[in-house]
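Going by Swiss-Prot, these are the annotated features:
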SIGNAL    1-21  signal peptide
MOTIF     35-38  motif 'RxLR'
REGION    51-96  region 'Disordered'
COMPBIAS  51-87  compositional bias 'Low complexity'
CARBOHYD  ASN74  N-linked glycosylation site
TRANSMEM  99-119  transmembrane segment
Amino acid sequence: MAASRSSITTLLLLIVAVALGYGILPISAKTSVARQLREQVDFVDAAALSESATSSSSSSALDHKSSAPGEATNASETEHSAASTASEPKHEGPTMMSFVGPAAAGVLAILLIGAVIAFKKRMNK
C-alpha cells in the first residue's frame, strides 16, 4: 500500500516537473495560416491603393506641368510603407504566464483523478 502511494506521488512529481520544465523554456510561436492570409490581403490592398495613387498622381502630373513625376512616385512609396508598417502587428512569443494556467489546470486534473482512484480503492475494501 505504501509502495503504491509513493509510486503515485513520484509519478505526479515527475509530471509536474516536466510540465514546469517545458513552461520555462522559450517557445517560438508560428504564425497561423489565417494571419498569413490576412497579411497577404492587406499587402495586396496596400499595393492596389499605391498603384491607384500612382496612376491618379501621374495623370494629374500630366495635367499640371509644374509637378515633378518623381515626387508622385515618392509619395506613393511613402503611403505604401506607412500602410504596411501600420497593418503588421508586433507579436512576441508566449510568456511564462501563458503556461502557468494550463499547467496548473493539468496538475489539478491529475490530483483529482488520483483522489478519485484512491477513493474508489478505499470504498472497495
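Indices start at 1 and increase along the chain as displayed.
Cβ atoms are placed via backbone N, Cα and C, with glycine included.
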Cβ contacts under 8 Å made by the motif 'RxLR' (35-38) with residues that lie 6+ beyond its boundaries:
none
Tally of DSSP helical, extended and coil residues in the motif 'RxLR' (35-38)
4 helix, 0 strand, 0 coil
